[in-house]
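J.: If you scroll down you'll find the structure; I have some questions about it.
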Amino acid sequence: MPKILDEINQPNDIKKISAKKYTQLAAEIRRFLIANVSKTGGHLASNLGVVELTMALHLFLDFPEDKLVWDVGHQAYVHKLLTGRKNDFKTLRQYEGMSGFPKRKESDCDAFDTGHSSTSLSVAVGLVKARELSEEQRKVVAVIGDGALSGGMAFEALNNAGRLKENMIIVLNDNNMSISENVGGMSNYLGKARTNYRYMDFKGGLETALKKIPKVGDAIVTTLKQSKDSLKHLFIPGMLFEDMGMTYIGPIDGHNINQMLTALKSASRVNGAVLIHTVTKKGKGYEPAEKEPSKYHGVEPFDIKTGKKLKINSEVSYTEVFGKKLIELAKVRNDVVAITAAMPDGTGLTAFGDVFPNRFFDVGIAEEHAVTFAAGLAAAGFKPVVAVYSTFLQRAYDQILHDVCVGKLPVVFALDRAGIVGNDGETHQGMFDLSYLSHMPGLTVIAPKNSWEFERMLEYCIDFDGPIAIRYPKNTAYLGLEDHKKEIIYGKGELIASEEEIALIAIGSMVETAVLVREHLHKLGLKATLVNARFISPLDEEMLHQLTKSHTLFVTMEENVKRGGFGEEVSVFLCEHDYQGIKHLNISIPNMFVEHGDRTLLKEKLGLDAESIVDKICRQRGMQK
């Protein structure tokens with residue numbers, strides 16, 4: 001039987017498909033997504049939930065003239081499929097392959113590069129204003145999930161969107177999930193609206209009945225519609241969106257293409273911003289994903305029949321070590337509380353929330369609030385631990401500096417996914433945190449070399465009287481160097497092996513690489529000292545002074561961009577103390593955005609692997625391997 005999906009090879013091809021075949025096409029799209037993502041990995045549940053919604057948008061819009069902005073963008077697979085990128089799915093999130101997020105350079109049907117949450121509405125308002133200034137006619141639609149709507153930036157955009165005089169359509173994809181289940185007032189508000197279909201039915205029936213009243217029926221309906229105290233305010237508390245100046249349509253079934261098209265066409269005739277509230281099911285069409293949508297949000301290659309990963313990793317990750325250790329510490333200290341921004345699973349805090357439900361706080365996608373909320377807890381005598389991906393902590397820079405560091409409050413920042421993350425690409429690499437944290441006055445920044453040291457550092461963080469950040473990679477916890485268990489002392493590194501000539505000074509995850517580098521150098525007849533820096537801020541200047549006495553080459557290693565990183569700080573130290581006889585190799589990430597690909601492969605491409613580092617050292621020493 002010929003596949004309908006085979007007929008869609010270019011943008012707008014879906015408009016050639018008969019409406020009678022929409023259901024079959026939706027089923028084919030789901031099978032295609034499951035088959036391909038099971039091989040490459042990627043975001044599955046969110047994309048399965050927006051199949052019909054995306055089809056309706058593509059039937060309504062003309063690409064690339066019209067502009068469709070996806071919030072976060074991980075749910076844009078169906079959009080990519082319908083815009084001629086079907087054959088690229090075999091390279092999804094692979095090195096030099098198709099991105100898992102919208103990319104303007106990938107297709108002119110992608111209106112904006114996204115990756116972080118709650119940005120779409122601001123982008124759409126900008127596109128609408130640009131359309132107005134350019135006197136163009138294109139449609140502008142933003143798709144945002146109910147989870148992303150909990151972000152403060154989304155509210156800032158809504159505040160401005162309500163003042164628009166020209167048409168802009170916001171599609172609220174309400175599946176009651178971000179990655180994990182949503183929390184907070186907005187989630188509760190949408191829950192009430194979601195279950196209030198009776199209001200829509202009652203309103204429609206009442207309107208019909210009133211219009212049948214001779215002579216005055218139409219006038220009564222008009223008066224009710226114009227009144228701010230009309231029936232909608234009795235049945236839907238607040239009508240938040242309309243009170244902000246927008247027209248609200250919904251809630252409607254996001255899996256019903258005809259309903260979606262009717263709503264979109266109606267919305268396009270309104271001057272100003274219109275919000276279409278759609279209700280969808282995350283993971284729809286694949287039973288394991290429907291039952292456990294958070295588990296299938298982001299997946300590694302898996303067996304379709306069982307839903308289980310193809311590769312079972314028995315090794316423990318840093319995230320797992322963190323979650324287990326924090327529970328242990330919280331059992332000893334009643335002042336320890338944990339905070340996450342909609343990532344309890346990803347940051348390893350789900351079990352903590354089960355054990356200590358009253359001391360666990362999921363604030364939704366609101367990193368700025370999470371940090372200042374933690375500051376408030378710290379000011380009142382608690383020990384808050386903010387667990388967050390490195391890339392997302394960027395969003396709370398001012399709160400860290402102004403609300404935590406100025407007051408020297410004892411907040412712990414646990415930075416997961418620090419360094420090269422891999423397949424999610426440039427918007428998710430955690431390669432900037434050392435640069436934007438290490439210059440903050442009073443903020444201590446540390447990184448562990450292995451699992452044992454990670455646990456000791458977490459203990460140190462809980463006891464530390466001041467703001468402190470600990471960074472660790474998306475990786476299995478390193479178990480090497482298990483005999484090196486020197487006590488953690490403020491501002492002091494750890495000397496692992498002492499020789500002469502070359503000093504290998506590594507931070508966190510790069511200590512494991514430095515061990516391999518040293519082994520290679522020995523085979524080449526080169527001596528090398530190995531230092532586990534431990535502290536990025538403050539710098540262990542005493543150890544650096546000592547190393548200058550017997551070494552002619554410093555090799556610093558870090559998973560962070562060169563500018564503002566650990567290596568640059570060491571360079572400044574050497575310059576300020578006029579150590580002209582010391583050469584310095586700064587092994588770090590170039591000042592560039594690193595795209596998607598396997599973590600190990602990306603490290604090789606960036607010259608962060610042991611072999612590449614040895615090559616650089618040999619060239620610096622004027623010798624060949």
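Note that Cβ sites are derived from N, Cα and C of the backbone, with glycine treated the same way.
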J.: Which one, HIS74, HIS79, HIS277, HIS402, is listed by Swiss-Prot in the same thiamine diphosphate site as GLY115, HIS116, SER117, GLY147, ALA148, ASN175, TYR286, GLU367?
T.: HIS74
J.: When the number of other CB atoms within 10 A of each residue's CB is tallied over all shown chains, which of the binding-site residues HIS74, HIS116 has the maximum?
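T.: Of the binding-site residues HIS74, HIS116, the highest Cβ count within 10 Å belongs to HIS74.
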J.: Taking only C-alpha atoms and a 10 A limit, tell me which of HIS116, ASN175, GLU367 are near ASP146 (Mg(2+) binding site). These are the binding-site residues.
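T.: Near ASP146 (Mg(2+) binding site) by Cα: ASN175.
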J.: Using a 10 Å radius around its CB, how many other CB atoms surround GLY147 (thiamine diphosphate binding site)?
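T.: GLY147 (thiamine diphosphate binding site) is surrounded by 29 other Cβ atoms within 10 Å.
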J.: For ASN175 (thiamine diphosphate binding site), what residues in its own chain, 6 or more apart in sequence, show a Cβ-Cβ distance under 8 Å?
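T.: Residues satisfying the criterion: SER46, GLY49, GLY145, ASP146, VAL279, THR280, LYS281, LYS282, PRO293.
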